[in-house]
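Engineer: So Swiss-Prot says this about it:
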- Cys58-Cys291: disulfide bond (DISULFID)
- Cys71-Cys83: disulfide bond (DISULFID)
- Cys106-Cys149: disulfide bond (DISULFID)
- Cys295-Cys319: disulfide bond (DISULFID)
- Cys487-Cys491: disulfide bond (DISULFID)
- Asn26: N-linked glycosylation site (CARBOHYD)
- Asn27: N-linked glycosylation site (CARBOHYD)
- Asn139: N-linked glycosylation site (CARBOHYD)
- Asn150: N-linked glycosylation site (CARBOHYD)
- Asn222: N-linked glycosylation site (CARBOHYD)
- Asn303: N-linked glycosylation site (CARBOHYD)
- Asn310: N-linked glycosylation site (CARBOHYD)
- Asn497: N-linked glycosylation site (CARBOHYD)
- Asn524: N-linked glycosylation site (CARBOHYD)
- Cys561: S-palmitoyl cysteine (LIPID)
- Cys564: S-palmitoyl cysteine (LIPID)
- 1-15: signal peptide (SIGNAL)
- 17-528: topological domain 'Extracellular' (TOPO_DOM)
- 550-565: topological domain 'Cytoplasmic' (TOPO_DOM)
- 529-549: transmembrane segment (TRANSMEM)
Amino acid sequence: MEKFIAIATLASTNAYDRICIGYQSNNSTDTVNTLIEQNVPVTQTMELVETEKHPAYCNTDLGAPLELRDCKIEAVIYGNPKCDIHLKDQGWSYIVERPSAPEGMCYPGSVENLEELRFVFSSAASYKRIRLFDYSRWNVTRSGTSKACNASTGGQSFYRSINWLTKKEPDTYDFNEGAYVNNEDGDIIFLWGIHHPPDTKEQTTLYKNANTLSSVTTNTINRSFQPNIGPRPLVRGQQGRMDYYWGILKRGETLKIRTNGNLIAPEFGYLLKGESYGRIIQNEDIPIGNCNTKCQTYAGAINSSKPFQNASRHYMGECPKYVKKASLRLAVGLRNTPSVEPRGLFGAIAGFIEGGWSGMIDGWYGFHHSNSEGTGMAADQKSTQEAIDKITNKVNNIVDKMNREFEVVNHEFSEVEKRINMINDKIDDQIEDLWAYNAELLVLLENQKTLDEHDSNVKNLFDEVKRRLSANAIDAGNGCFDILHKCDNECMETIKNGTYDHKEYEEEAKLERSKINGVKLEENTTYKILSIYSTVAASLCLAILIAGGLILGMQNGSCRCMFCI
């Protein structure tokens, strides 16, 4: 009878007013990886890698791009007559060169240090064409032309920035010399060339002199040239060749030239101004767009606040960092599956909560209560906001930690330096792999911390409610408290908002607890009496068995008793 009373009384505790601590769950299928787990279900994630791009070359903060159209940049610089559209002064934030552009150096030959010239020219933000020399007073014939350099309108022509000087009729080409002083407010790129005829006949026809000497000097340049006469393979109808050169004339410096033949003389130079991104994008298909962007990649424009992108490793402006990863997902919500086992690197355990609540939509953590007035659910805004703030800080933290300037720049090398180019590409690839590994490791660590902090947040909220209730409630062991006094909705609200006064309900709770303890005491006494009776009965049975064994042994002689006096 006593045992029945105990069970009935304990069962009645289910009728107590109850408040439970829980967390949000939903039907999200998002998963994240952590340092120690793969594909962990979470309520919400944020993709950190931008994969979308607008396939266009857009204006940037430094201005519009310059599209070279049918021309290579060296053709623009030296003034290929089919590139006259670029003769006007122009500016750019970056340059777009089409790999299939047909117009390069029209008269066959090579440009010395072409890659460096491309870099120096493209690094400026604009140029202004400056006339350096007027050859009208020289005893030469000016403005030589070639059928290799036809103009857009048809007919023979020649480069617009350099002048092909030949002998003066009837048959004169003496030494001529000139000088130019750079009084502009910046550096000037100047250009010249040397003509190498295919035979002596053409040499004397053009320059009279079989042996010529040309010199170009500045404060830092002192070069002399003689023609290398001889036939070459026919290119663009020419067996002759031209070597093309360039230099930089700094402010206040003097450029001097002297020649008696074979000099393709400097006529116009380029006054470079400002700084651009210094990039020449080579792409065949992406058009110039009527658009603006903060981030321009070689593959298109990106407008994204994400910290990473995998569109292109070459980019300009305020861009996400490039990583060779298709996806890096950051947990910005809670673990979305119930768990009853310890987990995490930081010791937080929320396994005492049986599972999340799908009905909680206005917060991450909160309360569910039941009393005589019904049931209710409410979010705890304070703990939710603190968790959201931490998530925001995590995103900023990732951006800050990855905010070291890193990008792969196209390195252009001459034929002789192809091995250097190959080594450079391998180094770039290794750096990219390391960068991607660092980014992934950082995200894994932040995900681990987020989920562990979630466990800790639930535990902290549980402990805070436990402190508020003090001895006025019983821990039900599953994230819930059975309250040992009547607690209406107003009372429940005070527990949730932290204004609950446990002393106000202390007497009622003590009385209820004493009833529970009394029932437990009676139950314990009953069990103790039963234990004593059982022990005594077992001892008597054992004694009877031992005595019976002795008597049986003495009767059959197997056991003797000897008494010694």
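Backbone N, Cα and C atoms are what each Cβ position is placed from, and that goes for glycine too.
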Engineer: When you put Cys58 (disulfide bond) at the centre and draw a 10 Å sphere around its Cα, which of the recorded positions Asn139, Cys295, Asn303, Cys491, Asn497 have their Cα inside it?
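Structural biologist: The recorded positions close to Cys58 (disulfide bond) (Cα within 10 Å), listed in sequence order, are Cys295.
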Engineer: C-alpha of Cys291 (disulfide bond) to C-alpha of Asn303 (N-linked glycosylation site): distance in Å?
Structural biologist: 11
Engineer: Least buried of the glycosylation sites Asn26, Asn222, going by other Cβ atoms within 10 Å?
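Structural biologist: Ranked by other Cβ atoms within 10 Å, the glycosylation sites Asn26, Asn222 bottom out at Asn222.
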Engineer: When you tally the Cβ atoms that lie within 10 Å of each candidate's Cβ, which of the glycosylation sites (Asn27, Asn150, Asn303) has the highest tally?
Structural biologist: Asn150
Engineer: Please work out the number of neighbouring Cβ atoms within 10 Å of the Cβ of Cys106 (disulfide bond), leaving out its own Cβ.
Structural biologist: 24
Engineer: For Cys295 (disulfide bond) and Cys491 (disulfide bond), what Cα-Cα distance in Å is obtained after rounding to a whole number?
Structural biologist: 56
Engineer: Taking the glycosylation sites one at a time (Asn139, Asn310, Asn497), which has its Cβ surrounded by the most other Cβ atoms within 10 Å?
Structural biologist: Asn310
Engineer: Measure from the CA atom of Cys83 (disulfide bond) to the CA atom of Cys491 (disulfide bond) and give the result in Å, rounded to a whole number.
Structural biologist: 85
Engineer: Taking the Cβ of Cys149 (disulfide bond) as reference, which residues of that chain separated by at least 6 in sequence fall under 8 Å from it?
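Structural biologist: Spatial neighbours, sequence-distant, of Cys149 (disulfide bond): Asn80, Pro81, Cys106, Tyr107, Gln156, Ser157, Phe158, Tyr159.
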Engineer: Helix, strand or coil by DSSP: which one applies to Cys319 (disulfide bond)?
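Structural biologist: Note: Cys319 (disulfide bond) is coil by DSSP, not helix or strand.
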Engineer: Ranking the disulfide-bonded residues Cys71, Cys83, Cys487 by other Cβ atoms within 10 Å, which is at the bottom?
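Structural biologist: Counting other Cβ atoms within 10 Å of each of the disulfide-bonded residues Cys71, Cys83, Cys487 gives the minimum at Cys71.
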